[in-house]
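According to Swiss-Prot, the protein carries these features:
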type	residues	note
DOMAIN	14-272	domain 'Protein kinase'
BINDING	Ile20, Gly21, Lys22, Gly23, Ala24, Phe25, Ser26, Val27, Val28, Lys43	ATP binding site
ACT_SITE	Asp136	active site, proton acceptor
REGION	283-292	region 'Autoinhibitory domain'
MOD_RES	Thr287	phosphothreonine
REGION	291-301	region 'Calmodulin-binding'
MOD_RES	Thr306	phosphothreonine
MOD_RES	Thr307	phosphothreonine
REGION	349-376	region 'Disordered'
COMPBIAS	354-369	compositional bias 'Polar residues'
MOD_RES	Thr400	phosphothreonine
MOD_RES	Thr401	phosphothreonine
Amino acid sequence: MATTVTCTRFTDEYQLYEDIGKGAFSVVRRCVKLCTGHEYAAKIINTKKLSARDHQKLEREARICRLLKHSNIVRLHDSISEEGFHYLVFDLVTGGELFEDIVAREYYSEADASHCIQQILEAVLHCHQMGVVHRDLKPENLLLASKCKGAAVKLADFGLAIEVQGDQQAWFGFAGTPGYLSPEVLRKEAYGKPVDIWACGVILYILLVGYPPFWDEDQHKLYQQIKAGAYDFPSPEWDTVTPEAKNLINQMLTINPAKRITAHEALKHPWVCQRSTVASMMHRQETVECLKKFNARRKLKGAILTTMLATRNFSVGRQTTAPATMSTAASGTTMGLVEQAKSLLNKKADGVKPQTNSTKNSSAITSPKGSLPPAALEPQTTVIHNPVDGIKESSDSTNTTIEDEDAKARKQEIIKTTEQLIEAVNNGDFEAYAKICDPGLTSFEPEALGNLVEGMDFHRFYFENLLAKNSKPIHTTILNPHVHVIGEDAACIAYIRLTQYIDGQGRPRTSQSEETRVWHRPDGKWQNVHFHCSGAPVAPLQ
């Protein structure tokens, strides 16, 4: 009888050291190859937690990274599978993000921006020559090899990269990062290598003035701007940029991908290949200051996500008021959170001032040079980014990388099912509620005084004696729904829930709870197996 030999090559050949990054199913650690003493970054993926599709994506990423051997790309040196884990051994890049390095420089000019984009284009050209489209070019994926002056720019994170044949155009799914998405992707048309050039155009624009060409606090409006190619070169900051630099941006941000400049052509553009005579050598202090603010906002992604309203606002139950309206109390609470986020941002961004002549409400953050809107604040999610690791993390930001369609659809499914469950609660419909919940549902909630409750009887009491007898309108608003997909058939959602209702004296009230629900799909149908509720009781008892 044959015995299975477990591979231990990584364990035998490498010594692991400290963590340098984390992802959803992985950790990145510094490691040393024992026989040479050379340092690397080991991306360690827990394969026990991966679905079959996740395995395919891992294999695709490793296959693509093995193809790419270029001085401006983070190189994969080894790919090793052991029992329960897969190890990807990459270059150890220690210089941090390119954009962070720029703001620390004493001198920064158009010529420096030209040198940066040249290295990025060299990396993109190599990818395209090897039949690879990156699909997620953005500042977070542009690293420096070391902290030495003049260190090479390195393109990282090929988690969304795809393989194409020649100049093949096809629909490969909706993936990328909102502010850097091309018009053809937003129109859901066939696409290919030109999407990377569009993203290079966005990056070059930021490199020259410190803010993005497309931005809006409303993602739909942001997408409309991109599809229309609606950007400009406003005074006074663009007055000092050479016409050649603007010309290259225009050729990169050409709406028609067939007419868009290629990486090979862009490298031959005078502003790139003749920078010493064409690009301006003037120090761009205003660009550095704007870039500092741009970077500060990217780093404050987490603070914004926990305070900004998500776009999901829905009404359920016996509602007699206008749909999707908020009570003054609820509105005041959320506006306060937004103002706190703005205050924090402005302190971190060296006193950025919102534009005062804006006609938008006080919670909007305006002016591309001063206070950028939420859509422009982040590095541009996957709701998942770890600069070292390239694993995508989950968030609702405009600067986050968008996931592949299947993961996105699954998250929407979880949010919709959660809405249905809350609707059943507000309607006092225990039968509908029980269909969505596992019979062995466990929960921690204020009504149980901190005790773990198992089964449906505890909840049935509230349905039969309170909820089913309530004839007054109830309106629920979900804020910041945050879904973590756990394999193919499990997920967790966390959100803030505002419940508006009329109390016994006929006065409008609002209660807030913070909730987490764990969902499982045993037979193709999602069921709530556990939930944790903090804050005020879900059922308004007044």
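Cβ from N, Cα, C; glycine included.
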Return only the integer: C-alpha distance in Å from Ile20 (ATP binding site) to Asp136 (active site, proton acceptor).
21
Give the nonlocal contacts of the region 'Autoinhibitory domain' (283-292) in its own chain as ranges (CB under 8 Å, at least six residues past its ends).
99, 102-103, 105, 107-110, 206-211, 237, 240, 349-350, 369
So for Val28 (ATP binding site), how many other CB atoms are inside 10 Å of its CB?
23
Using Cα coordinates, what distance in whole Å links Lys22 (ATP binding site) and Thr287 (phosphothreonine)?
32
Provide, as an integer number of angstrom, the distance between the C-alpha atoms of Thr287 (phosphothreonine) and Ser26 (ATP binding site).
36
If you measure between the CA atoms of the residue listed as 'active site, proton acceptor' and Ser26 (ATP binding site) and round to the nearest Å, you get 19
What number of additional C-beta atoms lies within 10 angstroms of the C-beta atom of Ser26 (ATP binding site)?
24
Looking only at Ile20, Lys22, Asp136, Thr287, the recorded positions on record, which one has the least crowded Cβ, with the fewest other Cβ atoms within 10 Å?
Lys22
How would DSSP class Asp136 (active site, proton acceptor) in three states?
coil
